[in-house]
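Undergrad: Quick one: structure below, then a few questions.
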């Protein structure tokens, strides 16, 4: 079957001469171009479509990922396209004027360098932006200015591939310098760049007086390349003129072919020392960056023609460029050297080259018939499949000799230029990693990844990287053997990358190094003002290796490798014999957290290779989040101790003799047993576990169970008493206590058993009987039963399914994935702490929070799986801030086996819920997983819309703070909650707070006194604050919404129900205290209102000594 043809779109005219009398307003389809020699506008091509336009679903299914994805892409392309007429008002006239002014600039006679610079300074107060090293004032060559040979408008404005942005949009005006001002060997020793800088200064002098009222003039480095200064003109605005947020860049360029391409090959040298002998020139070190900088100036027009050709030949090219630009922007890539050196131009040029070749047997990689999405995905495939650092690729170059420059190489042989010359090895590796991640997203057939691909910004440092550190440049610049043009920042970055790659090896997955961004500067200054530069190094950990304490080097027998290892590591390297008999060079690091180990290694490497001055400037960012965790940080040793105690408990119960029925399952259902409780489970022989771990026990089926739910609950009590007596007989140090619950809910579980071991481990045992579900369902279906009884049965069934069916599966999944992803546990704990600090934990169940974090690890797109607590926490916050829970379910695929049908079924179920309950009075959040496709197991009857909205607004505020503070963020600020939003706040006595009781229980005791006393056993499971809050919620269900902090548990906040607060006519048997709202004799006589003071007094009375103060805000 032949492939579907690409959808035809009406193409914009891509070039129109500004010499024409018609403006852009008269021809909305045209784009201004200033060259008389520009390519002709493309003619519409009428090709036969293989399918009817109305067959959109089939068409989308063949060329796009899905019909929905196609609609999303089309909507994105419409939304990101700027309104050119509105955004660039008056631009056409301005370009015409600038073209005329530049062409009218007076020609200058040839002058020496000193005379030329002095003339510009005296007559126009303009400094020539010569690059470093500055030219020799006694140089034999002269500087001159003559009329440019050509003026063009180039770039994305011409191609109409710009995207909306809050920042300034730029229009590039290319001024081609005449060949007459250059000599054959001007490519050597910066002579071309000195003449280019003088030419730019002359243009600036010619425009200064004419446009100073309309534009502000400044110099700037094109894409941060110090060899390419340009002139930037920004429109001025005042009370009479609208604000125009665009800029015009005037870029001097060389005529194509002015220098021999063979002389500017990446393997050639163009920077020769003055004292070098003639015979030494053959062995000079190549200068690829310098050569490519010249070639890029010569190839502006050539690439303009290439892009126009691609635009004419492929209907999908333009939209593919827009998609690529959006994708790059969200990942922080741009053409500037400081932002990776790969931007819109590089994407468009690469796509155009792949349309013409690059494949096997010189076939094109891309077909002109590809849709924009197919073309976009194919470019990602090319980037991810080719390591252009290790294996350079040459396009249309038979005689290309591969070399190993410090960065990637995609050599365009037709134009003699490395298209990626501004990229470094680490920025290209990051680009490849992003391309791979995006391909994985686009190949995901289960979940829609459109937003992850094009909408979510992944370049926020704290959300992308695990650790970020800054270091200052050394006072003495590092010298490299290269003659290539390289700033001190670039030289130092290259050396730092080499040291980190060799020193950290497999401890990190990927890293990035960013120097300071270049800024524009006054035309009266030759260069931007310099400040003490520093580097920002960002690192992504490999969780499996980052905390390794011993590094193995080469064996002692390999003398050269061992000597190299010793030279690199210095005194840290030591020879060690290991258990297997091998003798290896080794490194031993002090134990600690992942961050502390990483910091010690990095600090040692920097100090050894760059000196104590640079090491003293190191500033690390990222560990602050783990330090917030209670206990021993991200460690899970305390959880493992409790898990071991549970295994011993399970074995003991299974070995019990005398049980009425055979044991089937013993299932943990507690956060402490799935590595996810905020507090670490701490216990000892003298200090039992304060909050017992919940466990379910299920026996084999039997016909002797009663046929009544209430009777079954009473039978459970007898079973628990029997289990308790048997356990105490087996182990005298074991104490068991029976507890009752749900006294007012006869259909629900009514008893539990506390089992407290001599070691301090404590468990709360409940019995699971699957016959309850059958009886409850039968009772619900019985129409003859009173509706209240049926409602109670329905509520009991919901609790049964959550407690006895879903919780064991959920606990097993979370526990399994906490061992698979070591950072899942600390991330869940930190996320729960955030919910708790903002007083939401009492409304949103632990399981929902765990599902939110698990989603970040199971479906991590657009990133990879988090490899630090910080990234896991901040990415989860970002998801919450973007989650529209009104129409989107939370779906967690624990096993990776969900299909698109499963996802569609869950979405359909949510839509059905919203139709049944449009006001969302019962189910607000919809959280589904492999185990619970109903989505309501943990969100039935809570949280409310108020709490869910509060959760979203707090997450958005937190993400906004992360964006604003960036690297200056104090992690503690995200956990600070304000009580000013609440109507009243109840302050509890510190004697009843959790932290006080924990301190009292943890006071040191003598060993011979460490035993379970009656007092210590009484505090097991005793939570007075929780009991008080539960009582308040029961009494004031329809009057007050309560919020509280679990840890330390010293504050309870309340909001009055607006419906209860509103005055209303007097009625009897109201559920709350009231007071008259009207005055006798007036119209509102007989109207009552909520008596807030009486209710607050009753709340204080119920709390007794627990309540220390109630502060009323409103």
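Yeah, the Cβs are placed from backbone N, Cα and C, and that goes for glycine too.
Annotations in TrEMBL come from automatic prediction, not curation.
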Undergrad: State the residue range annotated as region 'Disordered' by TrEMBL; the candidates are 1-52, 53-104.
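TA: So the range that TrEMBL calls region 'Disordered' is 1-52.
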Undergrad: For the domain 'Nrap protein' (980-1110), report the average pLDDT of the model, please.
TA: 79
Undergrad: Quick check on the domain 'Nrap protein' (462-610): DSSP residue counts for helix, strand, coil, in that order please.
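TA: When I sort the residues of the domain 'Nrap protein' (462-610) into the three classes, I find 54 helix, 38 strand, 57 coil.
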Undergrad: Looking only at the domain 'Nrap protein' (317-456), what are its DSSP counts of helix, strand and coil residues?
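TA: Residue counts in helix, strand and coil order: 71 helix, 12 strand, 57 coil.
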